[in-house]
């Protein structure tokens, strides 16, 4: 089945890796089929939403039977390009950046941090989690040597985020995962995801104080 991925709602697309991770766990445990209710309980997404998400991809299950785990796993592996490796660069090897290098998305088959950059001389030239750390001043040199690194993770001070982003744009970056408080200006063809941990924490505290669980959607 040929599916126009651009017509899949972004909210649905963001949930696909969550479904895929749970299906991998089911497959590893030997489970052969799963219902939308079981999926719902595991991933904390209501079953109606799961059925709607899956409906964008055609008939993935059978009424009264549920979903075949092997079939779903194979389908979502292909949909999420799990067999195609995407190299990622990390910029900013502070506490958060160092944690990313040690983790390096080992549970993902299709993403890998292949190089990191920093300005700290004590880190330049070292390896952290098997990832080489280079001088940020030589960003262009190292990226051009390697070639295709379409994604960058930013874990730098906010004041440095936009100037570094401008350099990444010039290098042809396609996507940025931004962990800085800065709201970055990028061309329309570049996708950027902002993850501000301080804002997320403040939002959580606000909801705890002012909303009960039953009030939320």
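Any Cβ shown, glycine's included, is placed from N, Cα and C.
From a predicted model like this one, the values you see are computed outputs, not experimental measurements.
According to Swiss-Prot:
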DNA_BIND  18-57  DNA-binding region
BINDING   92, 93, 94, 95, 96, 97  NAD(+) binding site
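Overlay of Swiss-Prot feature records on the structure.
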{"residue": "92", "record": "NAD(+) binding site", "CB count, 10 Å": "25"}
{"residue": "93", "record": "NAD(+) binding site", "CB count, 10 Å": "25"}
{"residue": "94", "record": "NAD(+) binding site", "CB count, 10 Å": "13"}
{"residue": "95", "record": "NAD(+) binding site", "CB count, 10 Å": "8"}
{"residue": "96", "record": "NAD(+) binding site", "CB count, 10 Å": "16"}
{"residue": "97", "record": "NAD(+) binding site", "CB count, 10 Å": "24"}
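Report note: the NAD(+) site is defined by 92, 93, 94, 95, 96, 97, and the residues of the same chain whose CB lies within 8 Å of the CB centroid of those residues, excluding them, are 98, 99, 100, 118, 155, 156.
In the three-state DSSP classification, residue 92 (NAD(+) binding site) falls within coil. Under DSSP, residues within the DNA-binding region (18-57) fall into helix, strand and coil as 28 helix, 2 strand, 10 coil.
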